[in-house]
Amino acid sequence: MQCQDLHHFGQKLVRRRLLEPTEDSESPMAPLNPMKLVAFGVASTLGAGVYILVGEVAMFIAGPAIVISFLVAAVSSVLSGLCYAEFGTRVSWTGSAYLYSYISVGELWAFITAWNLILSYVVVTGSVARAWSIAFDSLIGNHIFQALEGTFSPYMPYYLAKYPDFVALSLVLLLTGVLVLGVRESVLVGKISTGINLLVLSFIILSGFIKGDLHNWKLTEQDYTLNTSESGDIYSLGPLGSGGFVPFDYDGILHGAALCFYSFVGFDDIVTKGEEAPNPHRSIPISIMSTVFICFLAYFGVSATLTLMVPYYQIQSDSPFPQAFLHVGWGPARYVVAVGILCFLLYR
């Protein structure tokens with residue numbers, strides 16, 4: 001009897017949802033052509049990584065070679081995106097990785113996938129809210145950090161925040177209330193936010209061509225020693241690399257690529273629109289690859305701009321681009337960039 005119960009329980013864990021054909025009347029929305037899918041994917045993918053993660057990876061992990069890290073991450077994203085595309089074209093329902101797992105490999109793996117998705121959404125929401133709070137605090141002169149810096153014990157683990165971020169918490173609660181009220185206004189805000197984001201990114205990249213210095217990709221230990229001696233720093237070169245275009249060697253490039261892959265998360269949202277695509281077997285793979293390529297160009301441009309404008313060891317990881325404009329003598333431009341960053345992260 002117990003063996004039969006265990007066998008019955010095991011069958012429940014691996015049972016799969018049947019794939020049933022859907023009628024056209026069940027999808028009343030207008031079809032999405034590849035252009036609309038690419039626009040949707042770019043808006044979903046360009047996130048906090050382009051403004052916050054770039055500075056941290058460039059300063060501590062990869063240096064100017066962050067541009068190669070983004071290339072490696074983009075190639076990995078394309079391979080992952082093709083896997084998503086295969087699922088999306090085989091299952092033409094509007095859904096997510098949970099639905100695809102339920103149909104293909106069974107209920108147990110779908111259950112695990114669903115909780116992983118929930119965890120990823122929580123992490124993404126928290127990281128974006130934290131990025132918005134840091135950008136806002138930098139814009140007003142770091143008064144929030146100075147007021148709350150000593151709230152936590154100095155013996156707290158390094159991976160926790162240095163102070164309780166009530167601004168990020170308030171932002172999450174506020175936007176949750178806005179989403180509860182309706183989605184029409186949210187869509188309008190998203191379109192305006194994406195437009196502002198593209199303008200800000202274009203301004204940052206053009207500024208890098210104007211104010212950038214190729215010498216910052218050829219830094220030596222003597223350059224570092226000269227800068228630190230003038231500023232009064234006494235710590236050694238140590239964890240900041242050995243200069244050149246690849247100061248942290250090829251291990252830094254691969255380590256940076258692992259973190260930069262996070263910046264490409266979001267292209268998988270295209271697959272959830274498979275039911276609305278007129279020819280998903282063709283439009284979804286093309287849209288995913290186009291989205292990853294466009295986002296790679298954006299990430300490549302802003303990371304190259306940042307490391308050309310500022311020596312990698314002088315980048316302010318919390319707010320890299322406003323501080324970069326201050327470094328090159330374009331003080332007023334940092335406010336324009338900061339406001340654009342706030343508008344974009346508010347939608348994310």
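Glycine too: its Cβ is placed from the backbone N, Cα and C atoms.
According to TrEMBL, the protein has these features:
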type     : residues : note
TRANSMEM : 37-54    : transmembrane segment
TRANSMEM : 60-85    : transmembrane segment
TRANSMEM : 97-118   : transmembrane segment
TRANSMEM : 163-181  : transmembrane segment
TRANSMEM : 188-210  : transmembrane segment
TRANSMEM : 252-271  : transmembrane segment
TRANSMEM : 292-313  : transmembrane segment
TRANSMEM : 325-347  : transmembrane segment
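Contact check: the transmembrane segment (188-210) against the transmembrane segment (60-85) gives fewer than three Cβ pairs closer than 8 Å, residues 6 or more apart, which falls short of the contact criterion. By the count of Cβ pairs under 8 Å, the stretch nearest in packing to the transmembrane segment (60-85) among 37-54, 97-118, 163-181, 252-271 is 252-271. Contact between the transmembrane segment (252-271) and the transmembrane segment (325-347) is not supported: fewer than 3 Cβ pairs lie under 8 Å, counting only residues 6 or more apart in sequence.
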